[in-house]
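Feature annotations, courtesy of TrEMBL:
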BINDING   A:Cys30, A:Cys44, A:Cys47, A:Cys53  [4Fe-4S] cluster 1 binding site
BINDING   A:Gly83, A:Lys84, A:Gly85, A:Gly86, A:Val87, A:Gly88, A:Lys89, A:Ser90  ATP binding site
BINDING   A:Cys257, A:Cys260  [4Fe-4S] cluster 2 binding site
Amino acid sequence: MVIFEPPPEISLRDPPAVAPELVAPEPEHCPGPESQNAGKSDACAGCPNQAICAAAPKGPDPDLPLITARLSSIRHKLLVLSGKGGVGKSTFSTMLAHAFAATSPDTQVGIMDIDICGPSIPKMLGAENESIHVSASGWSPVYVADNLCLMSIQFMLPSADDAIIWRGAKKNGMIKRFLKDVEWGDLDWLVVDTPPGTSDEHLSVNTYMRESGVSGAVVVTTPQEVALLDVRKEIDFCRKAGIRVLGLVENMSGFVCPNCKGESQIFRATTGGGEALAKEVGVEFLGKVPLDPRIGMACDYGESFFDAYPDSPACAALMEVVGKVRRLVGDDEDNV
Amino acid sequence: MTSLNRVKHVVLVLSGKGGVGKSSVTTQLALSLATRGYSVGVLDIDLTGPNIPRMFGVESASVLSAPGGWIPVPVDGGRTLAESGGSIRCMSLGFLLRDRGDSVVWRGPKKTAMVRQFLTDVLWGEMDYLLVDTPPGTSDEHISLAEQLRSLTIVDGAVIVTTPQAVATADVRKEVNFCKKVGIDILGVVENMSGFVCPHCSECTNVFSSGGGKVLAEQYNIDFFGAVPIDPSFVMMIEDNNANAGSEEANESLLDKYQKNALCPIFREIAGKVVAKTSPFGE
């Protein structure tokens, strides 16, 4: 009889430990190569990695202080999260970065794209064909303006369409390098764009960044229940991991026909949309951003939507959300 | 694999991009294939964001264990279509969660083990089509799926779903390259969310641009299965079906409701193409 067991809780607050180099994939009930029981649990019997895991040094990852030192020159670190794909995480990250960078030429902004299998930020910032410079002190991020830089795996691919067929452990290694080896310099804002879900990337970025302090997470959703279902899980993840949720943004909320100006609900909020979810789970609702086809166009061409259509209703809605995010992380003084 | 040995065809639904409608396309493909009289299984391997239970209105169902494995959940209470005899059963991690808002926080090895278990321990029985709905990306779930299915001749290939805008097709190109690399045949491309017809003035707006899927298909010399417009009535149908689940109004099956949906004729055609590709000599 095969018993359908509910997913076990995993500890999200332990300090990250070092994972040894393995010679074979982890077995099914692997305690984790970096865990205290590595090499000693029942599942380890017969695993080709057993000796390696058992001999590996236990304890916190020695790279952690290096990461914390690297990130100490960044004032505000924001995560943009959603359990659901295609709701506009990357678009919103890009908009946030553009809005922060527009405050003043002295405001330094960085975006870190940790969507390893589907990086979109370089395209949205019109930096697709750039590459990264490597020096003795680390990897230089790609600058698209004097005060706006980004880092993404897309810059390391031989061809733009190459697939990154990596299991979790390898993705974690790359995220660690993004935090440890990238010369972010003095930043006022670092926006971290994430893939959908609650898995390796999210766990890693949380464990590596916790020490240096994450200002909070902005969760993005669309209005329909099928999306809210996954976003609920993301907020549950944040709770478990101890990440502060700054608030929830509802994207693609209503559509105004450019021909007749009639409004339609493309992704209808049958259960009250983002606003009801925010109330239900007790997080702040940051606002609704209408669906505007020109946002997608601006992203495809790597232009700033704010610069192209400053008078659009979507732009006004976004600016309001950005203002709220600023207030929530206590960045009012920048507006003076 | 004994659990799949009476399954005739396995079709994967893939996309490099999230939120393009993989689950919607899987659902509608299942409904259309069932209408044609096939018995259809839907396996949801999106472990951190399972949507299939809600799509079929079976969120409150639970999976029963039997000697040898798990029994998949029947859609519409297991009723088969009177005229065609088609039916749908599904399997998802969503059925296992204590609360629908619970997150599943798993690293790769655990996900790999779950995918393997879904492919070996589900009692699908006699079945014409098994559709596999996947999460976005080219990582643990996809690698495990490819590894597990590699030796099976019943795997016909993948239907790739995209939306028209360049930001989406860029990620979907990666998925196409993934398929090439691991040796999964691509049956065709579906362009979803292709235009929205305003209910007020009937003007069609390309909310997420247009034509991207067709260009992608041409570039890689893959069949283009069709463009599916945005139609809020499909989401409404799913939501009504959930709201009325268990009540008196639940008399009409999801399969019957779908026959009246505007997207039904489009998917009838797409399902026809899938059938033509997977059984070239007819059943």
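Our numbering is plain: 1 for the first residue shown, then up by one each step along the chain.
Cβ atoms here come from the backbone N, Cα and C positions, even for glycine.
Put simply, A:Gly85 (ATP binding site) is 35 Å from A:Cys47 ([4Fe-4S] cluster 1 binding site) when counted between their Cα atoms. Listed binding-site residues (A:Cys44, A:Gly85, A:Val87, A:Lys89) with a CB under 8 Å from any chain B CB: A:Gly85, A:Val87. Under 8 Å, Cβ to Cβ, and six or more positions away along its own chain, A:Lys89 (ATP binding site) finds A:Val80, A:Leu81, A:Ser82, A:Asp193, A:Thr194, A:Pro196, A:Val220. Listed binding-site residues: A:Cys30, A:Cys44, A:Cys47, A:Cys257; maximum Cβ neighbour count within 10 Å falls on A:Cys30.
Straight-line distance linking the Cα atoms of A:Cys260 ([4Fe-4S] cluster 2 binding site) and A:Gly88 (ATP binding site), rounded to a whole number, equals 26 Å. The two recorded residues A:Lys84 (ATP binding site) and A:Cys30 ([4Fe-4S] cluster 1 binding site) have their Cα atoms spaced 28 Å from each other. Note: the Cα of A:Cys53 ([4Fe-4S] cluster 1 binding site) and the Cα of A:Cys257 ([4Fe-4S] cluster 2 binding site) are spaced 60 Å from each other. Close to the recorded [4Fe-4S] cluster 1 site, the chain also has A:Glu26, A:Pro27, A:Pro31, A:Pro33, A:Ala38, A:Gly39, A:Ser41, A:Ala43, A:Asn49, A:Gln50: residues not among A:Cys30, A:Cys44, A:Cys47, A:Cys53 whose Cβ is within 8 Å of the site's Cβ mean position. The closest partner of A:Cys44 ([4Fe-4S] cluster 1 binding site) among the binding-site residues, by CA position, is A:Gly85; the full candidate set was A:Gly85, A:Gly86, A:Val87.
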